[in-house]
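Annotation comment: TrEMBL describes B:46-121 as domain 'Phosphoribosyl-AMP cyclohydrolase'. Look at TrEMBL and you will find B:ASP93, B:ASP95, B:ASP97 tagged as Mg(2+) binding site. The Zn(2+) binding site annotation in TrEMBL covers B:CYS94, B:CYS112, B:CYS119.
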There are 2 protein chains.
Amino acid sequence: MTISFADPKTLDHATLEEGTTFAPRFDAHGLLTVVTLEDGTNHILMVAHMNAETLSLTLETGIAHYWSRSRKAIWKKGETSGELQEVVELRTDCDQDCLVMVVRQTGRGAACHTGRKSCFYRRVKTDQSESRLEDTGLPRLFNPKDVYGA
Amino acid sequence: MTISFADPKTLDHATLEEGTTFAPRFDAHGLLTVVTLEDGTNHILMVAHMNAETLSLTLETGIAHYWSRSRKAIWKKGETSGELQEVVELRTDCDQDCLVMVVRQTGRGAACHTGRKSCFYRRVKTDQSESRLEDTGLPRLFNPKDVYGA
């Protein structure tokens, strides 16, 4: 089974925004931005990308598959670390160029490669014309060296 | 006052990911992806982009300013509709190429140009090899024709 999608160029604006046809608008690199949220809490875990192949794989298997821009390869999240993500719901936005994916984060509950639950563990603080980052205090649920090596 | 940011190329990997230096990694188009969440509920409202100028404007004014990729212009959210966004917190991710912005959504509470609270008002359903969209039932808080014209 391979799930295919409609071509957004074949849809008028109203159908793209209000219709029932799923026609993801991949960018010039063939990618969509995906925001991943934790089921139940709505906490944001990470932001990553999918191409048509990994979107199809995600829908077929119910397990999150992204496209790694740095490795230029299919990225089955958790394949190395064990932190697989089970898809609960996938939503698209008004102009279908972005997805929200609600997941159950398995393993130790760490979506971030630093071992934290979420990639968003620092907040921006400003003071006059200066900006700096402050840790929000998210604990590490694993030691990256133990999982990925030195 | 203009808030400036560090150049991420001047930081080593560990400082970029674990340090206190805010060094946003704008992409080849000079843009960062910004995920906007509602204060209190964590509901996702929208996903948009900022360049260095609108990020600086956002930090200086406390009001969300995006970069409109379609209009190629500064986009002070709510300037036309009245739905301004007051910034409560800004967070960056591990490799500093994405922001999460927590806001108080003013006006009628609609972040989406369709008049809904959130841009993510449709979920993807699959049935065998077919995919389609289903409305999640988010009500319209304004009529776009009344706000933006026909």
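Cβ atoms are placed via backbone N, Cα and C, with glycine included.
The structure displayed is predicted, hence computed values, not measured ones.
Within the set of binding-site residues (B:ASP93, B:ASP95, B:ASP97), the lowest number of other Cβ atoms found within 10 Å of a Cβ is recorded at B:ASP95.
Here the domain 'Phosphoribosyl-AMP cyclohydrolase' (B:46-121) is broken down by DSSP into helix, strand and coil counts: 10 helix, 31 strand, 35 coil. Counting in whole angstrom, B:ASP95 (Mg(2+) binding site) lies 26 from B:CYS119 (Zn(2+) binding site) by their C-alpha atoms. Within the same chain, residues at least six positions away from B:CYS112 (Zn(2+) binding site) with a Cβ under 8 Å of its Cβ are B:LEU45, B:MET46, B:SER118, B:CYS119, B:TYR121. Least packed by the Cβ count within 10 Å, out of the binding-site residues B:CYS94, B:CYS119, is B:CYS94.
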